Amino acid sequence: MSERPVLVFDSGIGGLTVLREARVLMPDRRFIYVADDAGFPYGDWEEDALKGHIVALFGKLLQRFRPEISVIACNTASTLVISALREAYPDQPFVGTVPAIKPAAERTRSGLVSVLATPGTVKRQYTRDLITRWAQQCHVRLVGSTQLARLSEIYMRDGFVDEAAVRAEIEPCFIERDGQRTDIVVLACTHYPFLVNRMRKLAPWPVDWLDPAEAIARRALALLPSSKGARMAGHQPDQAVFTSGATSFASERLMHGFGLTMAPGTSVAD
Ligand code: DGL
């Protein structure tokens with residue numbers, strides 16, 4: 001039985017929303033959580049630079065951890081680099097995270113759907129193609145948020161939420177047209193589910209906030225052989241790696257809360 005870990009990757013803490021679902025579905029697996037905090041936020045990067053950066057970083061990560069599968073728990077990265085990763089590392093299975101536009105289009109009653117994401121994800125051709133392919137019959141509003149990923153990082157580390165800032169970021173998601181109102185907001189950044197209770201509180205009317213974390217974890221499970229008994233007694237603990245190598249008390253505490261032990265950083269320069 002393989003003891004190779006499942007690697008879960010994001011620019012920051014957002015991928016923890018996927019990790020917690022993956023843990024429930026795969027309690028016998030060992031997990032490595034990688035936060036590319038040296039590159040955070042991905043939403044602000046130029047596409048070519050970000051692509052090159054992530055492909056190079058994965059060269060180091062695959063060598064160091066030899067994961068059985070890698071979950072790119074980041075929409076901003078997946079919508080840009082998933083094909084390049086598969087091409088560069090053909091022996092490594094990758095699971096991506098892309099905006100849940102198809103399920104939103106299937107579930108909406110009003111036909112008004114909003115996609116809340118980083119400016120990077122909103123700009124991607126990949127995201128536009130998802131709309132053309134699955135949501136032609138809907139009115140899809142793309143809302144790029146420059147602040148929510150940062151606000152979520154602050155909330156998870158320090159417990160503080162600037163509610164006025166959250167309200168301002170989600171406000172453009174809510175539209176009224178021909179007597180109908182937006183009824184689904186797709187959380188197309190893995191950081192956002194951490195703030196969803198505040199979003200519910202601050203929303204002008206109730207909507208369904210679509211979080212794809214469980215679906216991503218299920219996809220990873222489907223691609224892996226049965227893991228029953230894979231986690232042996234005396235096994236190495238699940239680990240968190242921050243690419244900056246710098247850790248704060250608040251980050252360590254947060255990782256500890258997610259059952260992760262801090263490991264030394266890996267950067268592109270290593
Ligand atoms: N968590 C990432 C996502 O799902 C983005 C956060 C960032 O801007 O780096 O898109």
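Positions of Cβ are set from backbone N, Cα and C atoms, glycine also.
Caution: TrEMBL annotation is automatic and unverified by curators.
Here TrEMBL flags Asp10, Ser11, Tyr42, Gly43, Asn75, Thr76, Thr190, His191 as substrate binding site. The active site, proton donor/acceptor feature in TrEMBL is assigned to Cys74, Cys189.
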Please report how many Å separate the Cα atom of Thr76 (substrate binding site) from that of Cys189 (active site, proton donor/acceptor), as a whole number. 7
Take the Cβ of His191 (substrate binding site) and count every other Cβ within 10 Å, whichever protein chain it belongs to. 31
Determine, for the substrate site, the additional residues of the same chain whose CB lies within 8 Å of the mean position of the CB atoms of Asp10, Ser11, Tyr42, Gly43, Asn75, Thr76, Thr190, His191; present them in sequence order. Gly12, Gly14, Pro41, Cys74, Ala77, Thr118, Gly120, Thr121, Ala149, Cys189
Please find which two of Asp10, Ser11, Tyr42, Gly43, Asn75, Thr76, Thr190, His191 have the most distant C-alpha atoms, given that the record lists them as binding substrate, and give only that distance in angstrom, rounded to a whole number. 12
Cβ distance under 8 Å to Gly43 (substrate binding site), same chain, sequence separation 6 or more: which residues? Thr76, Thr118, Pro119, Gly120, Thr121, Gly144, Ser145, Thr146, Ala149, Cys189
How would DSSP class Tyr42 (substrate binding site) in three states? helix
Let me spell it out: for each of the binding-site residues (Ser11, Asn75), count the other Cβ atoms within 10 Å of that residue's Cβ, using every protein chain shown. Which one has the most? Asn75
